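A.B. asks: Per TrEMBL, the features are:
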type: BINDING; residues: C:R46; note: NADP(+) binding site
type: BINDING; residues: C:R123, C:S124, C:S125, C:N235, C:G236, C:G275, C:K290, C:P291, C:T292, C:P293, C:S294, C:R316; note: FMN binding site
4 protein chains.
Amino acid sequence: MNTFGEYLRLTTFGESHGKGIGGVLDGLPAGLNIDESFIATEMARRQGGRNHYSTQRKEPDKVEILSGVFEGKSTGTPLGFFIHNTSSKSSDYTALKDIFRPGHADFTYFYKYSIRDHRGGGRSSARESSARVAAGAIAKLLLKEFQITLRSGILSIGDVTGEDIDFNFATKSEIYALDKKVEEQQKEAITQARKAHNSIGGVAIVSALNVPIGLGEPLYYKLDSAIGSLMLGLNGVKAVEIGSGVECSKMRGSQHNDAIYKGGFETNHSGGILGGISNGDEILIKIHFKPTPSIFIPQNSLNIAKEECSCIIKGRHDPCIAIRGSVVCESMLALILADMLLLNSASKLENLKKIYAKNS
Amino acid sequence: MNTFGEYLRLTTFGESHGKGIGGVLDGLPAGLNIDESFIATEMARRQGGRNHYSTQRKEPDKVEILSGVFEGKSTGTPLGFFIHNTSSKSSDYTALKDIFRPGHADFTYFYKYSIRDHRGGGRSSARESSARVAAGAIAKLLLKEFQITLRSGILSIGDVTGEDIDFNFATKSEIYALDKKVEEQQKEAITQARKAHNSIGGVAIVSALNVPIGLGEPLYYKLDSAIGSLMLGLNGVKAVEIGSGVECSKMRGSQHNDAIYKGGFETNHSGGILGGISNGDEILIKIHFKPTPSIFIPQNSLNIAKEECSCIIKGRHDPCIAIRGSVVCESMLALILADMLLLNSASKLENLKKIYAKNS
Amino acid sequence: MNTFGEYLRLTTFGESHGKGIGGVLDGLPAGLNIDESFIATEMARRQGGRNHYSTQRKEPDKVEILSGVFEGKSTGTPLGFFIHNTSSKSSDYTALKDIFRPGHADFTYFYKYSIRDHRGGGRSSARESSARVAAGAIAKLLLKEFQITLRSGILSIGDVTGEDIDFNFATKSEIYALDKKVEEQQKEAITQARKAHNSIGGVAIVSALNVPIGLGEPLYYKLDSAIGSLMLGLNGVKAVEIGSGVECSKMRGSQHNDAIYKGGFETNHSGGILGGISNGDEILIKIHFKPTPSIFIPQNSLNIAKEECSCIIKGRHDPCIAIRGSVVCESMLALILADMLLLNSASKLENLKKIYAKNS
Amino acid sequence: MNTFGEYLRLTTFGESHGKGIGGVLDGLPAGLNIDESFIATEMARRQGGRNHYSTQRKEPDKVEILSGVFEGKSTGTPLGFFIHNTSSKSSDYTALKDIFRPGHADFTYFYKYSIRDHRGGGRSSARESSARVAAGAIAKLLLKEFQITLRSGILSIGDVTGEDIDFNFATKSEIYALDKKVEEQQKEAITQARKAHNSIGGVAIVSALNVPIGLGEPLYYKLDSAIGSLMLGLNGVKAVEIGSGVECSKMRGSQHNDAIYKGGFETNHSGGILGGISNGDEILIKIHFKPTPSIFIPQNSLNIAKEECSCIIKGRHDPCIAIRGSVVCESMLALILADMLLLNSASKLENLKKIYAKNS
C-alpha cells in the first residue's frame, strides 16, 4: 500500500536512517523533458532555508534518476529514483529504541508489525516526503506543458494568522509566510516555541491555477477524494479544507452557491471543484498541521515491556512542520492533478477519435 | 473509478432517476451472517424521519441482495445488491435540462463527458449514498463480530453548535442532534432556512470504539488517508477533521502529544490514529457539510449554449444535507475499518502461522 | 478479486442458481452508442444453436441495462447490467449438495470458504461467462468505432482437427467449426461422447484484425499478459497459445523471427504482439478446453465428511464447452483490447497535446 | 503498469543499459528472515553456468537491499532493491539505434512511445527478469515457512524432448535438463544453433509442492489467471500449459476428471488447480519459449525512416532463452503463490477470529 495514483502511480520506499528514500513513478507519458535542475530546486524548497525555523539536519537531498529517462526525455517506462541518506545520526535514537515517543507512530508500528526500525521513526519519518517532492517536481514538469501552475505558503503559525494570501511573498519568506504583515510575529512564535524546547502547529495553503475543466474521476476517485487521501495521509495533518472549508457549515445555500456568469464563477466557495471534478476555477486547499511531536521536554510514555517511563527526545527536528509541509502539499497536489489529467484523456469518445484518427 | 477499498471493495453504479442504485461488495469473508433486517434499519436511518428536516422524496429503499449469500451467510463471492428507484419524478427536472444548477455537478459533468443525465443530477446525486449505507451495514455486521461499534450525530447546524456529544440522544433526535440543549435551536435554524426557500450547512461527528490496534496500511493507504478520501469525496463535504482537527495548528507539541500510560492515552488529540494506524483509542472525525445547493430562490447561471440565464429549481430536497449525511459518514467509516481489518490480517508472519498452522 | 481491467474495469457477480448474473463496466468513455440489439445478438451466439451440441438449459439471457446509458449513449458513468436466471433447476443438484464433483470447483470452494452454494457450481459455474459476453459486446461497440474486428471459431473437437481457418463458415456452423471439411466429423465426435454419457475437449481460435500499433502496457500489463490472465482464468481452459504457440519451441530464430517489410511482417509467428505491445498484425490466439467435467457416468469422489462415495451427476450440460467457450474468448479479447485502447491514450505527450489543445 | 500482485506487490524499473534494474516488494509480512545468501544463490541460478549455453554477458548481479529490512528481518514496510548494471556494452547497439530488430520489441516501443532507449532493448530486455528472480527469492523465503517448495527444469530444446522429469538432475545439469538421457542431445542442439549463428526454442516445466488448499481468488485473480498473466507476459513465451495442457482437448471427461479418494486425487490433469483455486496437489506448468530473437544472421527489416534495410546484430546473447527462463518462471510462480497465500488469509471469518482473538 505504498503506491498512490491510478494512471500515474508513485510507489515509495525507504526509511529515515536506512540507505535512503526512493520512488518509482510509473505511467509518465513519453516525450517529456526531465529537467533535473528543476527537480533540485524543488528539493531545496522542501529543505527550507538554512535557518532557525527548520531542522538542523541538512542533506543535499540529491535525486538520482535510475531509469525511465533517455537523452533527457521520459521514455514511457517507469522512472525510478533514489535519494541517499547522508546525514542520519542513528545514535540520537539509541536511548529511545524501546520507548514509544508520544505523538509518533512508534506505538502503532510496534503493535502492528511486532518489529520496528526505531531509528528516526524508520518508515514513518517525514523524511519519506522527499520522495513525494521529487515525484511532484516531475508531475509539475508535465503540468507546465499545459500551463497549470501551483503555489503554496503559510497562513498561520500557532494563533498568528495572516490575512493576505501573497504567494510571491511566500517564495521570499524564510518561513514561506503568505502575509508580510504578520511574518515577524509568526517567526517570533516559532522562536519562542523552540526556545521552550517545544514545537508549534501551523496552517498551509495550496493553490492551483489554470486547471482544465474535467479533472477528477467520480465517484471514488474524485479530485477532492484524492486531495483528502494524500493530504490527510501526510504526517502531522489533522484537518483539510477545500474552498469554503469549515466555514461552509455556517452558510446558507444562497450564500455558498457560486453563481455562474459568462466570465466564470462569481465566488469560489467550491475551491474549484464541483461534483469531484475541476471546474476551471482556482483550486484552493487549506491544510492544518499539528505541532512537531518531537519536543525536548520529558514526556510520560510506555516502553515495549509496557512499563511507564519518561521519554526524553534528542536529535534535530523542525519546530514547526507546517513550513516545509507546505511544499510537500504543493507537490502532492501536482501529483494528483497530473494523474487526473492522464485519466481524463479517455473520458469521452471524441478524445479517443483525436488520438487514433490516423490509425483507424 | 467507481470502486473503493483494497481488500473489501465496493463498486457502485446507478443514477438518481434511472432504474436504481446498485453495488457490488467484493472481498467479504465467507461465513458472516447477513442480517437483512439490520440492513433495512440502516437504510431507514439514512432516510431520516418523515419530517420537515429532510427531503420529501420518500422511497422504501429496499436493498435487494442479488448474489453472494447462501442460506443467510456470506459465501466469499461478491455480494451484489440493488435498490430500485420508485419515487423519482423526472418531470421536476425537465425545465433544467439545459441549465447548470449553481453548486451542483451539472457544469463539470457536461464539460467532462459532453453528455449528462440531467434528471436529478444523474450519477452525481446524493442518492448514490444509499449504496454506501447498504454496504456499510454489511461492513458493520463484520465489525460487530469483533465488538467494534460506530456512532454518529450532528454537532452544528449553521452557527448553532452543541457542546455535549451524546450519541444516544442523537439516535432519538429527529435531526440526529448530539446535544439536547441546542436541538430545538438547530431545528429552528433549519425551519427558517426552509421557509426562506433556502438551505443551511451543518457539521457531523462520527466515532468508532474498540478498534484494534494496527488498522491502516502506511504510507498511502493509512487509516486517515482512507477517511480523507471517502469523507472529502462525499457530496457537499468541504472539510474533514480528525481528532484535534483545525485546533491542532494552534497548539504546542507539549499540549498536543497524547501522553501514554498503562491504562491508555491521557488525551485523544490524535483521534485514535498514529502514523496512519489505529492506536486502540476512540476514532473521532468531524465532517463539514455545505448547505444543500438546491434552493428555491432564482440564481444566476449559464445554459449549455453558454448563455446567461436564471436557474429556478423545483423538486424535493433536504434543507440540510448534514443530517442524513452523518449516517452516510458513519457507514463509510465502517467500510474503511472493515477493509483495514482484512488487510491487516497478513501484516506479520505470526498471523499467517495462526491461519496456516494445520496446512503446513 | 472479481474485477478485470485497469481503465475499463469489469466487475461481475452472481451465481448459477441464484437470482442471476450481473456486471458493472466502469471506465467506458462517454458518447458511445449502446446498441442493445447487438448485445442481444452476442448473447445469442454464446447460447449456441438450440441443437444437440450444447446445453439443454435454454434461457433468453436478456441483458437488462441498469445504469450508465442515457438516451442510447454511454454517459461515462458505470454501466451496470443484470441477466436474470430463469431456467435454473436447483433440484438437479440436491443429491450432490455434500459431494465434490470431480473436475469441478466444489472441492476447492468448500475448503477455501468452509461454505459453498452447491447449486450448479454457484459462482464457479460457466454461467458467469454470460456477464463477460455482455460486457464484451459493449467493448466491441467501442472497438468498431476504430474498425477493429474480432472473430472466432472451433479448430478441434477431440482429435479431429481442421486445417482451414474460415471464420465466415464458423458463423454458419452449428458448432462454430472453422473448417467445413471436418465439421461433420467433429459433430460426430460430440454426438458419440454425448451418447456415451461422456464429454469431449476442443480447441478454439480467436482473431482480431486492424488493431492499432501500440496497445499493451509493459511490463506487467502487456497485451499477452492480459490474454493469459483472462483466457487461462476461464473455466476449463488448460492451455493458451499466442501466434506460433507451442510450435515456437521447435524453431530456430531465423525461422521464427518475422521479417519486416514496408508492407508489413512477412510471417506472423508473433501473433501480432511484440514485447507485449500490438504490432498492427493480426492477433491470433489458440485456447485449449478440457472436456466438460459434468458427465453422466458414476465417478469416485469424496463427500464433505471426507468419506469416499460415488458421484452421479444429473442436469443439463454441454457435451463440449469449447464451442460456446469460443464466443466467450472472443468477448474477453474485445474487453482486453478496449481496455488497452483506453490505457494507451495517455502513453505519450503528443497524445495529451491533441486532447488538451483547447484547454491550455 | 509495472506492478504485479494484489497484496504482495512487485514494482520493477530499470533498463538493460541504464544504471541497473530495481524493484519494490510491498506487502511482505513483517518478521520474515531475509537471507541474503539465498537471494544470491537464486540470482546465480538465473545467470546460468558460465558455459556455452547462455549469454557471455556475465555480471555479478548483486542485489542491494535498500529498505524494508531491519536487523535481518522484514519490517512490513516496502523492500526496495537495486541491481547495478556493470557489464553493459552499449556500443554493441550503436549500429542498430535506428533499426528495428525482427522478433524484438523495438518496433512496437518506437510506435507506442515515439522514443526508445535502443541500447540492448532498454526496458524490454530480458535483463528485467533479474528483478523478478530477486523478488521471487524473497517470496520463496516466505513460502519455505509453510514448507511450500518450487522446482523447475528443461523438458525440450528444439525438437529434443525428454521423458523423465527429474528436478534433482536439473539442478546439476548445465542446461537444467530434466532428463539425463537426452541432456547431451539437447546440448548438441544448442551448440549447433549457436555455431550456425542462430538460436533455438525450448520448453520449461515448473512445479510447486505442498501448496495449501485454497490459494487463488476467483473469478479474475484465479491461480491460473495469475500464472497466465505472468508467464505469457515473460519475454519470449508463446504458450503456457497447466496440468494436462494442450492434451486436454483430446480427452473425454471420464479420462480427464481426476477422481478423488481419501488419499488424494487419482490423477493430476488439473495441474493442482480446480476452479482457479489450489487443490493441494502438485502445481505443474509447462512454458514454451521461442528461440532468442537476437541472431547473428542478416535479417530483413525497417529503420525508423520506414526504409527497408538489413539488420545485423552483434552483442552477447543466449542461444536458448528457455534455460535461464525456467528459473525466472519458477521465481514468478513463487511470487504468485506468496501473493495468494497472503490474500487467502482473510477469506473466511474463522481465519479472522484466529488473528483478532486477543484484540476483541
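A Cβ is built for glycine as well, from the same backbone N, Cα and C atoms used for every other residue.
Model, not experiment: these values are computed from the prediction.
In terms of burial and nearby residues, how do these features look in this structure?
C.D. replies: Sequence-distant contacts of C:R46 (NADP(+) binding site), defined by Cβ-Cβ distance under 8 angstroms and a gap of at least six in the same chain, are C:D61, C:S129, C:S130, C:V133, C:R324, C:V327, C:V328, C:S331. The secondary structure of C:R46 (NADP(+) binding site), as reduced to three states from DSSP, is helical.
DSSP classifies C:S294 (FMN binding site) as coil under the three-state reduction.
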A.B. asks: My list of binding-site residues is C:R46, C:R123, C:G236, C:K290, C:S294; which of them have a Cβ under 8 Å from any chain B Cβ, in sequence order?
C.D. replies: C:R123
A.B. asks: Max Cα distance spanning C:R123, C:S124, C:S125, C:N235, C:G236, C:G275, C:K290, C:P291, C:T292, C:P293, C:S294, C:R316 (FMN binders), Å?
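C.D. replies: Overall maximum Cα spacing for these binding residues reaches 43 Å.
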A.B. asks: Please work out the number of neighbouring Cβ atoms within 10 Å of the Cβ of C:S125 (FMN binding site), leaving out its own Cβ.
C.D. replies: 23
A.B. asks: With every protein chain in view, what's the tally of Cβ atoms within 10 Å of the Cβ of C:R123 (FMN binding site), excluding that atom itself?
C.D. replies: 29
A.B. asks: Could you list the residues of the same chain, at least six apart in sequence, whose Cβ is under 8 A from the Cβ of C:K290 (FMN binding site)?
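C.D. replies: When sequence neighbours closer than 6 are ignored, C:K290 (FMN binding site) has C:G103, C:G201, C:G236, C:V237, C:K238, C:I321 within Cβ distance under 8 Å.
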A.B. asks: Quick one: give me the count of other CB atoms within 10 A of the CB of C:S294 (FMN binding site).
C.D. replies: 24
A.B. asks: Measure from the Cβ of C:G236 (FMN binding site) and count the other Cβ atoms within 10 Å, all protein chains considered.
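C.D. replies: For C:G236 (FMN binding site), the 10 Å Cβ neighbour count is 22.
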